[in-house]
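Structure, as structure tokens:
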Amino acid sequence: MREPDFLNHFLKKGYFKKHAKAVLALSGGLDSMFLFKVLSTYQKELEIELILAHVNHKQRIESDWEEKELRKLAAEAELPIYISNFSGEFSEARARNFRYDFFQEVMKKTGATALVTAHHADDQVETILMRLIRGTRLRYLSGIKEKQVVGEIEIIRPFLHFQKKDFPSIFHFEDTSNQENHYFRNRIRNSYLPELEKENPRFRDAILGIGNEILDYDLAIAELSNNINVEDLQQLFSYSESTQRVLLQTYLNRFPDLNLTKAQFAEVQQILKSKSQYRHPIKNGYELIKEYQQFQICKISPQADEKEDELVLHYQNQVAYQGYLFSFGLPLEGESIQQIPVSRETSIHIRHRKTGDVLIQNGHRKKLRRLFIDLKIPMEKRNSALIIEQFGEIVSILGIATNNLSKKTKNDIMNTVLYIEKIDR
């Protein structure tokens with residue numbers, strides 16, 4: 001194939017349509033060097049600004065010389081290049097994590113939104129076979145994604161439809177360690193695949209076909225389940241056990257960097273079935289939150305050490321506080337205005353709950369903790385609930401409960417109204 005053929009494929013696929021700056025992961029091997037040649041030659045046609053990034057793994061004598069040569073190559077092409085050196089005990093997993101952390105740093109520094117890698121169809125076959133041998137979940141057998149959004153960046157693999165034999169022989173560096181069988185991927189490439197191809201000469205095509213078929217099923221399930229609210233456990237549990245598992249796995253696809261193991265997935269299932277309330281980190285900076293018949297998985301956000309200070313509102317005054325407008329004795333108009341009888345004789349305190357808080361209901365004092373449990377109020381709502389207090393007594397827990405004084409007491413003491421309107425924060 002000629003270079004213009006690759007350009008036409010890139011344009012047809014629209015890989016760089018949404019991107020002005022792209023970082024190319026440049027290893028120095030044939031695939032990444034040819035991708036460098038295509039992208040640097042056709043920057044104008046692709047309408048991108050190209051930035052190079054290289055990791056020197058320091059595992060071979062030649063690696064420092066290769067780094068120098070790549071610096072020269074970047075200078076000749078008048079392109080910026082960022083280089084980082086790997087240190088510490090080497091493993092495939094540690095090296096991969098190091099590379100992607102470094103690439104993200106480069107993207108943040110340069111304002112690039114696309115990371116381009118030179119993975120090709122042969123890499124795809126090796127990846128699917130590795131995952132199959134390790135016993136991964138079915139959806140992961142679809143292999144490497146052609147385009148993958150991770151956070152605010154997109155990883156693009158424009159060579160995924162091509163085999164290594166499609167690339168012309170150009171200047172590149174040969175990693176002699178690829179011929180050794182110390183690493184799993186090398187054993188797949190050098191030993192297992194050649195043996196399997198003796199049984200089926202089209203074995204690579206067969207593996208790629210299976211990967212594409214699994215991807216089709218995955219996309220179809222996602223589309224068909226689009227109107228199912230998996231986070232609503234009543235809805236989720238209305239399906240069979242098998243369907244529940246598939247729906248939950250499809251839901252987890254929303255978090256590509258979560259990567260739960262089979263054991264962790266089973267644990268999440270068990271928590272959803274058995275716990276009424278639960279909040280705990282699960283993996284990779286995510287937490288599972290369950291509140292009765294609802295659950296969600298989300299990134300752990302930093303929590304403030306303390307709630308906002310208590311607010312004091314005086315008669316004939318208004319204040320906006322935590323998403324509400326409070327108006328003490330000054331009427332507000334509108335259908336959604338909440339009205340709470342209060343006294344004009346003293347100020348109103350608005351705050352969050354404290355240990356030992358009680359509310360008077362039907363003449364009896366009830367601890368807020370017990371009230372929240374009885375009403376099955378989720379923990380997050382308990383912590384964020386606004387309490388309206390006057391004369392040292394709780395008048396109302398906003399949106400949850402109100403102090404139901406006797407009619408005579410209300411008429412004697414409550415001689416004005418606190419108007420409350422929900423507003424945007």
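Including glycine, each Cβ sits where the backbone N, Cα and C put it.
Pulled from Swiss-Prot, these are the features on record:
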BINDING   Ser27, Gly28, Gly29, Leu30, Asp31, Ser32  ATP binding site
Site of maximum Cβ density within 10 Å, from binding-site residues Gly28, Gly29: Gly28
Non-site residues, in chain order, whose CB comes within 8 A of the mean position of the CB atoms of Ser27, Gly28, Gly29, Leu30, Asp31, Ser32 at ATP: Leu26, Met33, Phe34, Leu35, Ala118, His172, Phe173
DSSP-derived structure type at Asp31 (ATP binding site), helix or strand or else coil: helix
Local Cβ density at Asp31 (ATP binding site) - other Cβ atoms counted within 10 Å: 19
